[in-house]
Amino acid sequence: MLHLSGGSPRTPGHLISAADLSRDDAVLILDTAEEMARVADRPIKKLPTLRGRTVVNLFFEDSTRTRISFEAAAKRLSADVINFSAKGSSVSKGESLKDTALTLEAMGADAVVIRHHASGAPYRLATSGWIDGVVVNAGDGTHEHPTQALLDAFTMRRRLIGPDAGLGQDLSGRRITIVGDVLHSRVARSNVHLLGTLGAEVTLVAPPTLVPVGVESWPCEVSYDLDQVLPKSDAVMMLRVQRERMNAAFFPTEREYARRYGLDGDRMARMPEHAVVMHPGPMNRGMEITAEVADSDRCTAVEQVANGVSIRMAVLYLLLGGSEPAVTNNATARTEENK
Amino acid sequence: MTKILIRGAKVLGGEPQDVLIDGETVAAVGTGLDAGDATVIEAAGKILLPGLVDLHTHLREPGREDSETVLTGTRAAASGGYTAVFAMANTFPVADTAGVVEQVWRLGKESGYCDVQPIGAVTVGLEGKQLSELGAMHDSAAGVTVFSDDGKCVDDAVIMRRALEYVKAFGGVIAQHAQEPRLTEGAQMNEGVVSAELGLGGWPAVAEESIIARDVLLAEHVGSRVHICHLSTAGSVEIVRWAKSRGIDVTAEVTPHHLLLTDELVRSYNPVYKVNPPLRTERDVMALREALADGTIDIVATDHAPHPHEDKDCEWAAAAMGMVGLETALSVVQQTMVETGLLDWAGVAERMSFKPASIGGLAGHGRPIAVGEPANLTLLDSAYRGVVDPAGFASRSRNTPYEGRELPGRVTHTFLRGRATVVDGKLA
């Protein structure tokens, strides 16, 4: 049973790309995540919704944070979780993805959460006929990271509108600035699509070397000047800069990057009072963000981590279509009894 | 001697004529020819072309016989209407010695389906460092005249210059795979709108165009002949057009897939569309068609690149680059060039037979359909419409981008020196 109303036209029943989500689907996920967030406030953070279901975390690339976030989400919904780290296995010809998929299929995986270094690998997994289960993209190459974009949107909606007031709302009219290595960022790609769908105005800020050729077709503005954009931003999302980019001559030095595109206290002061600073983590303190900003109340990095679990619960619940409502009175009663 | 009378075929798309084959040669061309004791092929409405010549085929043998062999590759070639193919040098071992090119040449003779003319590597092991023994390959039984490191670019300007100069001694030509290596590190597809969305490493047009620009200038400087492999961008067309207008001795080829397919197809992440150079944009496709029509691009070459199923049945980044093309080339050219009115059949014969044979210096192929000429002929039913089904391919590999697509035209007969290699659409 698919609860996502339209699902995706390209990959129905899966979550591969933020670009595949309709406005209503995206809002439904955010609203469902609000319900899930309430569970986190309970002493016993568990729902019986996905009891008997098996969720496999298939990670071809290291990402402890994303993996444990999905693991926590699945476990809070009472699913059985298998962690499969395929890093280091030979993927020179790619058989390992297909063969691994066939293995998971044989083991009866209901959902496969896949992280892969190759752009498009989750799409192949969802459309190749290798498996029947639900595929959730947990980050593929430099393509997309849709649950990250959803948790970012969720965090923005909570901060800019409010948890309850935000229900049913999108981000119409909000101005979001994404700063840094857009070229290599799946987070940026997913956010541009999702925030556009939710009605926000997105501006990308980066040195021209870190903006992809072809960006002009994206539903956003591009600027090379952070100081000009900051005063008009409701949220500023700082992207992690990989230090190895420097060796590939994307910018001259770390210091020059930090001077032109890093967010420090002075720059933060130029943002509107209500504006928040976001970061998908892990942060390079002193590079794209100073400690002063990272540790300020306006920085949502830690909240984003907590919100990630709620979002991933919502996604797994909606895609796996648990046989009962996600949060029932029954469940409430049970957790209360267990107090 | 076997006699065959092809009755009523439109020779090069012109008026219906009868063509009598006697033994290995064309014995008569005319109307109302007496069949006598000849086997008659009723060919009313069909197009008779000189046997096609492919200047750019990967036969994979020696080394990757799991994807193709000289035998299976030449059977695929015959099925597609070819009577001669030039076999690229990127085999294992690399065709960089007289021994390897003679082996490939001999396997071609033994196959009997199609003449195989080996291409020699420009540099040892395709490493781009040291010239191969170009002269020895030319002097071998294989008589190599075309040299290419295809799959890799001869990117060192000095090595390229020396190669261009050196082969002048025996009328050779360097066929360049134009790909600036640094600009294409990690490249997975055409750099542009689609790559930006898909997050796949971009292969920018300028990486091809800058090498072509350099090489035509080098060819001009040393007075040599250069051939550009699988040209794929509108900008490359402009550079070749400029070079020709300047009198530089440059020729260029385009593949059928670059005449038909665009990078929009990569949105499927289906590695069957992964090829090098990558599928480009609609604008590039249109520029390539125009350039092939006006002669800026001289020939169509398939870049037939067979790969076993497992090398394509995987995620995009892990997949091998390339697509098979011998068996569909003429159909794609019919659809993109003839049915669009850009080229007539005489033009197709020029670009798929006469000119490639002349660039490669291949005697006995690319000859007029006239009395006394070798009977290398291809008979095409251009009215045919069919859906491509790779299960029926003669190639050992099935990596075609056209599976399930309707394409026009079907080769019904191919003759190699008077002997039928294809009869009624089936290998003889």
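Here, residue 1 is simply the first one shown, and the rest follow in order.
Even glycines carry a Cβ here, placed using N, Cα and C.
Secondary structure at A:Arg65 (carbamoyl phosphate binding site), taken from DSSP and collapsed to helix, strand or coil, is helix. Among the features that TrEMBL reports, carbamoyl phosphate binding site is placed at A:Arg65, A:Thr66, A:Arg115, A:His145, A:Gln148, A:Gly281, A:Pro282.
Taken from TrEMBL, the feature L-aspartate binding site covers A:Lys93, A:Arg186, A:Arg240. The Cβ of A:Arg186 (L-aspartate binding site) has 22 neighbouring Cβ atoms from other residues within 10 Å, across all protein chains displayed. Following the DSSP three-state reduction, the secondary structure of A:Arg186 (L-aspartate binding site) is helix.
Feature annotation from TrEMBL assigns domain 'Aspartate/ornithine carbamoyltransferase carbamoyl-P binding' to A:14-157.
Positions annotated as domain 'Aspartate/ornithine carbamoyltransferase Asp/Orn-binding' by TrEMBL: A:173-319. Averaged over the domain 'Aspartate/ornithine carbamoyltransferase Asp/Orn-binding' (A:173-319), the predicted model has a pLDDT of 95.
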Cα-Cα separation of A:Arg240 (L-aspartate binding site) and A:Thr66 (carbamoyl phosphate binding site), in Å?
-> 15
So which one is it: of the binding-site residues A:Gly281, A:Pro282, which has the fewest other Cβ atoms within 10 Å?
-> A:Pro282
Count, for each of the binding-site residues A:Thr66, A:Gln148, the other C-beta atoms lying within 10 angstroms of its own C-beta, and report the residue with the smallest count.
-> A:Thr66
Within the domain 'Aspartate/ornithine carbamoyltransferase Asp/Orn-binding' (A:173-319), how many residues are helix, strand or coil going by DSSP?
-> 65 helix, 24 strand, 58 coil
Using the centroid of the Cβ atoms of A:Arg65, A:Thr66, A:Arg115, A:His145, A:Gln148, A:Gly281, A:Pro282 as reference, list every other same-chain residue with Cβ within 8 Å of it (recorded carbamoyl phosphate site), in sequence order.
-> A:Ser63, A:Ser69, A:Ala138, A:Gly139, A:Val187, A:Pro280
Judged by other C-beta atoms within 10 Å of its C-beta, the most isolated of the binding-site residues A:Arg65, A:Arg115, A:His145, A:Arg240 is A:Arg65
For the binding-site residues A:Thr66, A:Arg186, A:Arg240, A:Gly281, which residues show a Cβ-Cβ distance under 8 Å to chain B?
-> A:Arg186
Tell me the residue counts in helix, strand and coil for the domain 'Aspartate/ornithine carbamoyltransferase carbamoyl-P binding' (A:14-157), as DSSP assigns them.
-> 65 helix, 27 strand, 52 coil
Separation of alpha carbons, A:Arg186 (L-aspartate binding site) and A:Gly281 (carbamoyl phosphate binding site) (Å) | 13
